[in-house]
Amino acid sequence: MTTSRCSHLPEVLPDCTSSAAPVVKTVEDCGSLVNGQPQYVMQVSAKDGQLLSTVVRTLATQSPFNDRPMCRICHEGSSQEDLLSPCECTGTLGTIHRSCLEHWLSSSNTSYCELCHFRFAVERKPRPLVEWLRNPGPQHEKRTLFGDMVCFLFITPLATISGWLCLRGAVDHLHFSSRLEAVGLIALTVALFTIYLFWTLVSFRYHCRLYNEWRRTNQRVILLIPKSVNIPSNQQSLLGLHSVKRNSKETIV
């Protein structure tokens, strides 16, 4: 094992002045206590006279909060809801609340863990149409939906009454042998209903597309996992202690 001349003072980067040496990683346990806390020092020998990396990690004093695992999303413990370990993540990232995970999977529209890429067994249920009508999405989509609904409720009876009056007038003109006026009124009625149906169809297709997209990305996710993945309360403190010890031994290059 080859190392350069490096100082071992905690929280101070070593001063290395040795010549070029092959890259060698060394991890030392100084065995000393500073303020009652053990210090873990990692050194990497110099290459071409330059220090590659040095990490000093302090193992924090054990506390009741460090001994208990917590949800990696909300950072809360198991006082309100049991913690699960449904994927292959370990340590402090391996525990999570069921409700937090279901909410995250619903918001991200995914079915796998973003860290270990473990695919969860989930059941997706579409949300009802009433919920979309209450909250269709962004503000401009709300205004568009509200405006089109008002226009539809206002234009539909207006177009119906106008078409009926035009047809009634065309029939009266036919009785009085005024064919030109009757043809004009019939053409006006056809144009009126064509424009109305075209606008209704375009608006309906637009909002159906928004609803289908909202329904696809806002599904209710139910996590299908066995009860065996729940972390018993009598093992939570032991799990937290092991995770703290394991994290204290990690080093960074």
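Just so you know, glycine gets a Cβ as well, placed from its N, Cα and C.
Under the DSSP three-state reduction, Cys71 (Zn(2+) 1 binding site) is assigned to coil, being neither helix nor strand. Spatially close to Cys71 (Zn(2+) 1 binding site) yet at least six residues away along the chain are Gly77, Leu83, Thr95, Ile96, His97, Cys100, judged by Cβ distances under 8 angstroms. The Zn(2+) 1 binding site annotation in Swiss-Prot covers Cys71, Cys74, His97, Cys100 and is backed by sequence analysis.
Using a 10 Å Cβ-Cβ cutoff, Cys89 (Zn(2+) 2 binding site) registers 17 neighbours. If you look up Swiss-Prot, you'll see Cys87, Cys89, Cys113, Cys116 marked as Zn(2+) 2 binding site, on the strength of sequence analysis.
Taken from Swiss-Prot, the feature phosphoserine applies to Ser237 (among others).
Under the heading phosphoserine, Swiss-Prot lists Ser243 (among others).
According to Swiss-Prot, the feature transmembrane segment maps to 145-165 (among others), an assignment based on sequence analysis.
Marked as transmembrane segment by Swiss-Prot on the basis of sequence analysis: 182-202 (among others).
Summarising the annotation, Swiss-Prot assigns zinc finger to 63-123.
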Beyond the flanks of the transmembrane segment (182-202) by 6 or more, those residues with Cβ under 8 Å of it: 152, 155-156, 159, 162-163, 166-167, 169-171, 173-174
Residues within 8 Å of the Cys71, Cys74, His97, Cys100 Cβ centre (excluding the Zn(2+) 1 site residues themselves): Arg72, Ile73, His75, Glu76, Glu81, Leu83, Ile96, Ser99, Leu101
Alpha-carbon spacing, Cys116 (Zn(2+) 2 binding site) to Cys74 (Zn(2+) 1 binding site), which is rounded to whole Å: 19
Structural state census, the zinc finger (63-123) (DSSP three-state): 14 helix, 8 strand, 39 coil
Integer Å distance between the CA atoms belonging to Cys74 (Zn(2+) 1 binding site) and Cys87 (Zn(2+) 2 binding site): 17
